[in-house]
Amino acid sequence: MLVLGIESSCDETGVAVYDSESGLLSHALHSQIATHRVHGGVVPELASRDHVNYLVPLVDEVLTKAKIRKNQLDGIAYTAGPGLIGALLVGSCFAKSLAYALNIPALAIHHLEAHLLAAKMETPSLDFPFIALLVSGGHCQLIEVNNIGEYRLLGDTLDDAVGEAFDKTAKLMGIPYPGGAVLANLADQCLSTPYQFPRPMTDRPGLDFSFSGLKTHALNTWNQSAKKQGDRSEIAKAFQQAVVETLIIKCKRAIKESQSKRLVVAGGVGANKALRSALQKWINDIKGEVYFPALEYCTDNGAMVAYAGCLRMMRGESDGGLGVMVKPRWPLA
């Protein structure tokens, strides 16, 4: 089965072709960072316009790379939520229209489910069940994954998502958008820090997260410093250490409670070097398994949508009719 995947939930336009027999045939991505940098953050209207401009060229590009024609496609999967409503509508309307023209099924895909399954796309031997740590700009969740569509929410953020906390902390210290990755790089390059930040919500039971207080702590520390580059790096180091250790403490609890030793990391923050290294070391110590998507599949992309769509379409699933229903807010579990 050949499935075209379309991702347009926020500020990246992703398109890919996945084959149920051969795997991922091609994928392409357009990032809108340059479009939004001047505004200091994502502007929804501009995001939608960029998707309109790039969807057709990207579809043509991936089909050419895969050496297939549109009429060879068996289905089209598209992100239907959660995300920016305008951006979602651009992708969904395009997908439904193209599917109608080709007389093939279209299927709405949950953005977070696509992230959860990204590691399985590269490692088909990854079996259910597993615990997933979903860490991105909009989400920070621990999820028990028992099968496709069978999810149980174990823990969620009570305020900022972890990627959001990185970006906001960077902005508070004068790092331009998108600052989260820059903040992480500063932390990685800093050998040591005199600062010790709190590990929020680790002094009580439960698997929920909270990062807004950590962000405030970083701001207060920055304001009390000389505000030199060295101070910025040391604060970044302390902030990242606190985030990583907090995530690991919660993962340890989730693994212990579930009695599973299989962990999957998903979402854009899954590309963080310090987090990957710390999780790998801990999992090795307990003789467990941890799966990370390749860096290019951590952030939003069309490949994960095409893969999730292929898995569901092979079970006979598809949208009914031409109605386009996107869900800016759409709980996974």
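The backbone N, Cα and C atoms fix where each Cβ goes, and this holds for glycine too.
The shown structure was predicted, so the numbers you read here are calculated from the model rather than taken from an experiment.
Residues or ranges marked as Fe cation binding site in Swiss-Prot (evidence: sequence analysis): HIS111, HIS115, ASP300. The Cβ of HIS115 (Fe cation binding site) lies under 8 Å from the Cβ of LEU134, SER136, ALA266, GLY267, MET304, each of these being in the same chain and 6 or more residues away along the sequence.
According to its DSSP assignment, VAL135 (substrate binding site) is in a strand. On its own chain, VAL135 (substrate binding site) has ALA161, VAL162, GLY163, LEU247, VAL265, ALA266, GLY267, GLY268, VAL269, GLY270, LEU275 as residues at least 6 apart in sequence with a Cβ closer than 8 Å to its own Cβ. Swiss-Prot lists LEU134, VAL135, SER136, GLY137, GLY138, ASP167, GLY180, ASN272 with the feature substrate binding site, giving sequence analysis as the kind of evidence.
Around the Cβ of GLY138 (substrate binding site), a 10 Å sphere holds 19 further Cβ atoms from the protein chains shown. In sequence order, GLU7, SER9, THR79, LEU112, ALA114, SER136, GLY267, ASN301, MET304, VAL305 are the residues of the same chain, not among HIS111, HIS115, ASP300, whose CB sits within 8 A of the CB centroid for the Fe cation site.
Maximum C-alpha to C-alpha distance over the listed substrate-binding residues LEU134, VAL135, SER136, GLY137, GLY138, ASP167, GLY180, ASN272 is 17 Å. Within the same chain, residues at least 6 positions away in sequence whose Cβ sits under 8 Å from that of ASP300 (Fe cation binding site) are GLU7, SER9, CYS10, GLU12, GLY14, HIS111, GLY268. Sequence-distant neighbours of GLY137 (substrate binding site) (same chain, 6+ residues apart, CB-CB distance under 8 A): CYS10, ALA161, GLY163, GLU164, ASP167, GLY180, GLY268, VAL269.
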